[in-house]
Amino acid sequence: MVDKVVVAGLIGLGAAILVGTGEFLLHFNMTGYSSKIPYHFFLDISRKRLIWGHFIAVLAAPFYLVGFWHLYQMLLPSGGKLPAAVALLAGYGFIMGTVWIGSRALIATIVQANTPENHELIASYQLYNESLLQVIRVTTLLMSAGFVYLVLRGATFYPTWMWICNPFFILLAVFLIYFFWPGIGKFIMPIAMNVTYTLFFALSTYYAFHRQAEL
């Protein structure tokens, strides 16, 4: 019988890969992201890329929540309310992230239109939508702290060393790769959070499968 926790982990992994693919189509620019002009990198993104990237990312993003149910199940043996709090924090952050990713094609279209109202429109976008990105970063930090605490206690389905592979540390590693090796980092920086969860769900699903095989 196929284990539901393993399947949920695979769904979360698939969501991370698909959302990452969509976000890569929306964001990746070979010239980089160092321009002082807001969202300047969108000028080189074709309409076809915007359409494909938008729908792939937005339609796949809700399946992240299945992955966080998987996370909850992997933490559940520790007992108490913290496993649920960790999963709910992660899920809440990614709901905000879905709203944010759903707005990227729109801001790209605004930037490419280059109308006299662009300055005000971009400022409004930064207030209403870009601020949501900070929510997912904060929730990732908080849920990672809870994850580390639970795993170090040794009462989860994860090996104790897995604490170091918490999402915040993986995300930090992505930023460091971009800083020290920009030639490589520029390919993963635009999809940093999805790279983070691709690695995290891959490891988590492996241990869920390993646990099931031992039963």
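Glycine too: its Cβ is placed from the backbone N, Cα and C atoms.
Per TrEMBL, the features are as follows:
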| type | residues | note |
| --- | --- | --- |
| TRANSMEM | 7-30 | transmembrane segment |
| TRANSMEM | 50-72 | transmembrane segment |
| TRANSMEM | 84-111 | transmembrane segment |
| TRANSMEM | 131-152 | transmembrane segment |
| TRANSMEM | 161-181 | transmembrane segment |
| TRANSMEM | 187-209 | transmembrane segment |
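Simply put, out of 7-30, 50-72, 131-152, 161-181, 187-209, 50-72 has the most Cβ pairs sitting under 8 Å from the transmembrane segment (84-111). With a threshold of 8 Å between CB atoms, the same-chain residues lying at least 6 positions outside the transmembrane segment (187-209) that come near it are 3, 5-6, 9-10, 12-13, 15-17, 19-20, 23-24, 27-29, 33, 64, 67, 70-71, 73-74, 97, 136, 140, 157-159, 162, 165-167, 170-171, 174-175, 177-178. Only pairs six or more apart in sequence are counted, and the transmembrane segment (50-72) with the transmembrane segment (161-181) gives fewer than three Cβ pairs under 8 Å, not enough to call it a contact.
Here the transmembrane segment (161-181) has Cβ contacts under 8 Å with residues 90, 140-141, 143-145, 147-148, 151-152, 188-189, 192-193, 195-197, 199-200, 203, 207 of the same chain, all six or more residues outside its ends.
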